[in-house]
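Asker: Here you go, one structure.
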Amino acid sequence: MVAMSHSSLTLDDFTQPSPSPSPSGEAREESLPWHQRCRPTDATKGLLVALLGGGLPAGFVGPFSRMAYQASHLPSLELLLCRCLFHLPIALLLKLRGCPLLGPTGNRHRAWLHALLNVLSIACAYSAILVVPAGNAATVRKGSSTVCSTLLALCLESQRLSSYDWCGLVGCTLGLLIIVGPGLGTLQEGSEGVYTALGYMLAVLGGLALALGLLVYRSLDFPSSLLTVAFLFGIVGVMGALPGLFLLQTPVLPHDPLSWSCIWAVGVLALVSFVCASYAVTMVHPALVCAVLHSEVVVALMLQYYVLCETVTPFDIMGAGVVLGSIAIITAQNLSCDRERECL
């Protein structure tokens, strides 16, 4: 009996839950590194992708395009054509994955519309860069895209923005006005002033098309949407730029290494920026993506001064500082860690 009792007690003691694993589990969680206990949210990932992969590479596109124009007078449509050619090899990835090149039937029209809006935006941006400074053209284009995206945010009740987001959006717009405002007030009279005003109008139109394109992309709901829209951008761009180049402009074959280097740099950097911006807009609101993409303006102004040797006024520096501060507000507010999900 004693043996049986002893055996029963031993069995009961073995089957009872032990209280010791709980504190040891908590200690194990506390001993984990910070990057494993604290995981960024989707909004944070989207903003970082838009900042590092979308805005910073795009800041080099404008100055490099202007350098190619200054070196060999490369037309804007020819530069757009060269950029679109970098998108065509994506067809190989779509074929390897077994995805339709033009997208599923239900989303095909919206995918083509997205490609058309992006080609229109880039064409307006390249045309504006040829007649106005690269930094100012990027500023006006990004500013108009932010304003349009913000107005669209007012119409989307299901996607409200916080007070910090609105503060950052207003700050970005204010910084852009500080940069462009003094230049708009001193437009020269005559043909040069008309061309400058036309360049700013094209930049505004490019920003409007960019905001609409990002909104259309959010409505696409098939797995290969990112690769499909990138390929369709190349198709639409080639179809539009190739005949327009021979009808409206004169093709130029560059002979100097500088022009070819700029063409390759524009093609690669623009493709990276396009993919990252499209990916970011699926994780965070388009208005915030456009605001973070203002980092392009700061990079373009730096290259405008140090590489292109063009004048940068104190208003440009002040406006760039306001833009950077506004981006910091938006990013810091969304840099939160999803602790509850990790604890589950």
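A Cβ is built for glycine as well, from the same backbone N, Cα and C atoms used for every other residue.
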Asker: Do you know which of 73-92, 313-332 TrEMBL annotates as transmembrane segment?
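Answerer: In TrEMBL, residues 313-332 carry the label transmembrane segment.
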Asker: For the domain 'EamA' (198-331), jot down how many residues DSSP puts in helix, in strand and in coil.
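Answerer: Output for the domain 'EamA' (198-331) reads 106 helix, 0 strand, 28 coil.
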Asker: Is it the case that the transmembrane segment (47-65) and the transmembrane segment (197-217) touch, counting contact as three or more CB pairs under 8 Å in which the residues of each pair are 6 or more positions apart?
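Answerer: They do not touch: fewer than three Cβ pairs between the two stretches lie under 8 Å.
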Asker: Any contact between the transmembrane segment (224-246) and the transmembrane segment (111-132)? By contact I mean 3+ C-beta pairs closer than 8 Å, pairs at least 6 apart along the chain.
Answerer: yes
